[in-house]
Amino acid sequence: MLIRLYELVVERSDFIFSVAHVSVAYQAGQRVLDDATFAFPAGSINGLIGPNGAGKSTLLRAVLNMIPHQGQGYLDDIPLAAVAKDIAYVAQTSRIDLTFPITVLGCVLLGTYPRLALLQRPRERERRAARSALAEVDMLDFQQRQIGQLSGGQLQRVFLARCLVQHARLIILDEPFAGIDAHSEQVMMALLRTLAHNGETILMVHHDLKTVPAYFDNVALINRRVIAAGPTATAFTDDALRQAYGLADVGGDRQ
Amino acid sequence: MISHFWTDLQSFHFLQNALFTSVTIGIVAGVLGSFIILRGMSLMGDAISHSVLPGVAVSFLIGIHPVLGAIAFGIFAALLITTIQQHSVIKSDTAIGITFSTFLALGVILIGLVHTTTNLFHILFGNVLAVQDSDMVLTIIISLIVLVVILLFYKQLLLTSFDPAAAQAWGMNVAVYHYLLMIMLTLVAVVSMQSVGTILIVALLITPAATAYMFVNQLHTMIWAAAAIGGTVSLVGLVLGYSFNIAGFKIEVQHRLS
């Protein structure tokens with residue numbers, strides 16, 4: 001235990017984003033996530049990979065302090081709870097109420113809220129930032145549309161624009177590429193690469209195993225616990241996949 | 001026939017009170033109701049407005065202003081519903097059903113025991129022509145407070161209604177805004193007791209907002225539309241009820257004039 005803690009301290013001085021000993025139990029004794037620990041360097045795109053029910057979304061919600069948990073995530077040695085405004089988070093879009101009366105522009109403007117004072121409203125400066133973010137994801141023409149009128153890919157691009165206006169240091173996306181068109185996926189990947197190049201750290205849940213080596217600098221393979229974590233070349237191995245997905249699924253189920 | 005309403009409005013003070021009070025409540029219920037229906041809390045609105053009843057009875061018993069007791073019971077009901085949901089397998093609609101029927105029954109029993117001059121029927125369904133000056137002033141003050149609070153915290157209410165997950169991730173305390181809405185709901189339910197009644201306030205909370213919801217694509221448009229619809233239907237309801245002697249209006253008028 002002492003040795004592991006020591007290692008973690010060393011790691012944290014080298015890495016910007018780390019997850020340390022995160023465990024989640026929905027009912028007493030029944031752990032859905034056990035002692036997850038890994039760390040990724042700044043300015044990287046990182047994949048959180050694992051089968052359904054592996055605890056990927058649970059891990060994200062735990063490090064974001066949205067559910068009861070043990071352990072925590074750090075950004076440069078600082079607990080994530082203390083730098084919440086520097087974190088952008090997009091939940092699975094199936095959790096979003098698409099009938100809500102909000103326009104594309106209104107949705108992107110929400111990303112300016114963490115930087116506004118308690119009673120301060122977004123003004124022209126924020127609106128300009130939101131419009132230029134929409135232009136970057138190629139969605140400016142849709143700014144007055146209600147969000148329910150968009151396709152899945154367009155909606156994800158709008159939420160990415162919300163991350164852009166926030167100027168976050170850590171961007172956490174839960175399955176942004178689930179069921180979206182190839183064009184949207186390419187637009188988003190290109191933007192994420194630019195963001196990573198500028199020093200922002202990206203962590204996303206991803207399901208398409210075929211694209212993992214091309215998309216991610218690092219991966220964490222999990223199934224209730226961390227199976228492997230590190231640079232994609234060394235961590236994303238057949239052996240690790242077999243452990244995470246079970247023998248039968250590998251190869252056949254690379255969706 | 002309807003023209004009588006306007007001539008009577010100029011001569012009768014009680015009719016002026018009825019008009020100002022019901023239109024004010026129509027407006028504030030439309031605004032608050034927009035958030036209630038967007039958060040899927042329509043049933044919660046129903047529950048809270050029913051749950052203030054025992055609070056009113058207890059206030060008579062211990063001699064405090066009915067608003068204080070009603071707020072206490074409204075918040076207690078909201079807490080109870082949330083607690084049942086979180087600590088048992090019972091789902092939200094069931095928790096609401098159990099809580100509000102219990103509170104309503106308790107309220108009916110307590111009001112029976114208290115022997116006040118307050119008529120149970122008037123609390124449940126309101127008695128808009130009996131609105132006193134003090135009731136009207138209280139309604140307007142509380143409505144203004146609710147509207148100002150919504151204006152000040154509009155940004156937070158929008159975010160926590162639309163994307164509570166992002167709000168939580170950004171370190172906001174989402175529960176604070178949930179209970180802020182519950183408190184405002186209780187306040188509106190209490191002041192509307194005299195004019196609309198605790199049973200029917202839910203109609204004003206939900207219907208104008210739901211109507212507006214069908215036609216808008218921005219929250220602030222929905223709120224303005226719901227307020228306009230709520231104010232208008234309150235006015236129309238009062239004019240029609242007065243002009244055509246619906247539901248005891250005539251009896252009440254004669255009683256007031258005698």
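Backbone N, Cα and C atoms are what each Cβ position is placed from, and that goes for glycine too.
The annotation transmembrane segment is assigned in TrEMBL to B:12-38 (among others).
Taken from TrEMBL, the feature transmembrane segment applies to B:58-82 (among others).
The transmembrane segment feature in TrEMBL is assigned to B:94-116 (among others). The list of residues near the transmembrane segment (B:94-116) in space but at least 6 beyond its ends in sequence, with Cβ under 8 angstroms from a Cβ of it, reads 43-44, 46-48, 50-58, 60-61, 73, 77, 80-81, 84-85, 123.
The transmembrane segment annotation in TrEMBL covers B:136-154 (among others).
As annotated by TrEMBL, transmembrane segment applies to B:174-193 (among others). Residues 25, 28-29, 32, 35-36, 39, 41, 44-45, 48-49, 52, 55-56, 66-67, 70-71, 74-75, 78, 123, 126, 135, 138-139, 142-143, 145-146, 149-150, 153, 156-157, 160, 164, 167-168, 201, 204-205 of the same chain lie 6 or more positions beyond the ends of the transmembrane segment (B:174-193) yet place their CB under 8 Å from a CB of it.
Note on the transmembrane segment (B:199-216): residues 25-26, 29-30, 32-34, 36-38, 42, 45-46, 49-50, 124-126, 185, 188-189, 192-193, 222-223, 225-227, 229-230, 233-234 of its chain, located 6 or more positions outside it, place their CB under 8 angstroms from a CB of the stretch. Per TrEMBL, transmembrane segment is recorded for B:199-216 (among others).
Marked as transmembrane segment by TrEMBL: B:223-244 (among others). Tertiary proximity for the transmembrane segment (B:223-244) is limited to same-chain residues at least six positions away from its ends with a CB under 8 Å from its CB atoms, namely 1-2, 4-5, 8, 15, 18-19, 22-23, 25-31, 33-34, 128-129, 204, 207-209, 211-213, 215-216, 253.
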Same-chain residues at least 6 beyond the ends of the transmembrane segment (B:12-38) whose Cβ lies under 8 Å from its Cβ atoms: 5, 44-45, 128-133, 135-136, 139-140, 143, 146-147, 150, 157, 161-162, 181, 184-185, 188, 191-192, 194-196, 201, 204-206, 208-210, 212-213, 219, 222-223, 226-235, 237-238, 242, 256
